[in-house]
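**Q** The structure that follows is given in the form of structure tokens.
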Amino acid sequence: MAGSSSDWEAEIELRVKSGWLSKEEGHRLKTLLKMGETPDRIVTKESEHWTHSSNVMLKDILLHKEMPTPFTKFLAAIGVKWIRQKIKEHDLRRADPEYQNRFPFLDALVHSDRFESAMGSIMLANAIMIGFQVSAGEGEKDAETLYTVLDFFFTFAFVLELFVRALPEGWRWWCKLSNIFDVIIVLATNVIPVWVFLPMGIDNAVVRPFAVLRLFRVVKLGRLIRKYRRLKILWNLFQGLIGSGRILIYTLLMMGTTLFIFAVFAVVLITKNDITKDHPLVLLYFPSVPEAFFTLFQIVTLDSWTGISRPLGETSPLAGIIIVTTVLIVELCLMNLVTATIVNAAFERQAADHEMVAREKKEKNDKLIEDIRNLFGEMDKRGTGKLTYDEYMEAVEANDVIKTKFVTLEIEHAEELWNLIDVGTGEIAVNQFAQGLRIISEETKAKDLFAINRRVGNAAHRLEMCVEEMNRNVRQVQRFEQDIAAITQQLTLATRAMVNLMHGCARCIPAGQVLITEKQVLKSQEKLLENVRPLLGKNVGQAMQGGFHEKFRKEDSLQYFTLLLYIYIIYIFGLTPLVGSAGPLGPSFHRSVGVKVTE
């Protein structure tokens, strides 16, 4: 299985959701992927990229766990692998927030604490009944009738429990080993003896031994114990008992090896010794290595060990030294180490129990929030749900209960607390006050400090980007200001030129009425055109067309049109008064300037 980093992340996420990988394993694999150590780059354990055994283990999980073996081939042949795949797919569907169970009421009932408590109470009552039933005499007919009725009741309750648990889960419920164990116990100790053997008239003496097997179900009460914080000590003991199985095996191995060595020494130094070989205690307790082994085991349990060690010690000091050394090593040293190991394992299992840790944390937070709300209520005299600075300081200084609670929450400076919680509004709401106090009162963790550091770093980075963007905008505005200043200067110059032009044109307009003949006008026009024809060409239209020709350079066109503009202005304002009705502005202009053209 090879692929890109995104493909590997999707694969890891899928296997974590399906329970194939734990969250810790998935997190470690994702970390390795971010470091560039994708599993498809590495083929063997000996690769230098995988430097830690845990990394090798995680690589094996993804690369070698699915490699076919004779056992996995056998499981695939009989359909076990297919069933496991279907169970994983069903688990993924159940993990979907939009998933709806076919029996929502039963599903909620099975996962409720009340249902677990009720079934635990029934199991405990059944165990107590079995104790009284075993102790009852055979001649007590009334008691036997009562026990028979109770057996029918408990059998019905256990069968109903199995169906209630199985219906929401479906067929996959029957594929879990713990559920199969429950079904076998209920069938073998309840259904068959009570609903089959008793109606057939089989003697209770035959049925009664089966009932004792029901006590194995009492172990399931451990699930009930963990749900109640008051039973935390009992749960720790239960965890230590469950987790001490492997430790007990290693203890037996270590103790057996030690006792065997000292048993050999005892046979060689005590039984084979001429001084003690005929001693009655030696002949009774140390005739051979197995007998010596059992005797030393009795001694390390401190069971009447002085009755053996004192007489032998008086006969042979060497025998006393061997016995005392065995007690020191096995009893005082080894057994204490075993006890410490069991206790440590119990605490480790408790720390690894994420569900119980989450429940304890939730209960602690709920209690803390409730205390904070009560504290806020004592400060808020107006009952508005908001606390002002004056109310806060007055309550802190005058109320001894609030001072005590502040000491309990390890809050030393009240004003500093206000500055931390207040966001500048001058008032604090109850939720804001509760959240701030809860965060301050909790123990600071390295993860929290790292998260705060990252948030501050990200905020600083965004602030730097905003500053850079602002600087770019400032530079752009400065360029705009320069352009505006240049445009303003050009407009000022153009305005001055226009004013000068208007003054110049005003001098060309006669103040009074002017009489001129049409022939004089035509003669003046011809004279003006003769002066400008070298610049304009044959006519003004050709000049305009030439100005817009694409072969003209921009500078030439600008000068050309400037010249045309001045000529046109002169033509209008200078000659129009002289041309009569043939001028471009018509008679209205003539009337406005007082010019009268005669025939």
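The backbone N, Cα and C atoms fix where each Cβ goes, glycine too.
Per TrEMBL, domain 'EF-hand' is recorded for 367-402. The annotation transmembrane segment is assigned in TrEMBL to 115-134, 146-167, 179-198, 247-270, 282-301, 321-347, 560-579.
Provide an account of the burial state, proximal residues and distances for the features listed.
**A** Per-residue pLDDT, averaged across the domain 'EF-hand' (367-402), gives 71.
For the transmembrane segment (115-134), the list of distant contacts is 109, 147, 150, 154, 157-158, 161, 208, 211-212, 214-215, 217-218, 220-221, 223-224, 227: same-chain residues at least six beyond its ends, Cβ to Cβ under 8 Å.
If one looks beyond the transmembrane segment (179-198) by at least 6 residues along the same chain, the residues whose Cβ comes under 8 Å of a Cβ in the stretch are 148, 151-152, 154-155, 158-159, 162, 165-166, 173, 204, 206-207, 210-214, 216-217, 220.
Within the same chain, residues 255, 259-260, 262-264, 266-267, 270-271, 276, 308-309, 312, 323, 326-327, 330-331, 335 sit at least 6 positions outside the transmembrane segment (282-301) and bring their C-beta atoms closer than 8 Å to a C-beta of that stretch.
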**Q** Sort out the residues at least 6 away from either end of the transmembrane segment (321-347), same chain, that have Cβ-Cβ distances under 8 Å to it, and list them.
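**A** For the transmembrane segment (321-347), the sequence-distant neighbours (Cβ-Cβ under 8 Å, at least 6 residues beyond its ends) are 236-237, 239-240, 243-244, 247, 251, 254-255, 258-259, 262, 265-266, 269-270, 296, 299-300, 302, 305, 308-309, 312-313.
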**Q** Short question: which residues 6 or more past the ends of the transmembrane segment (146-167) have a Cβ under 8 Å from it?
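**A** Distal contacts: 102-103, 106, 109-110, 119, 122, 125-126, 129, 132-133, 136, 173-174, 179, 182-183, 186, 190-191, 193-195, 198, 211.
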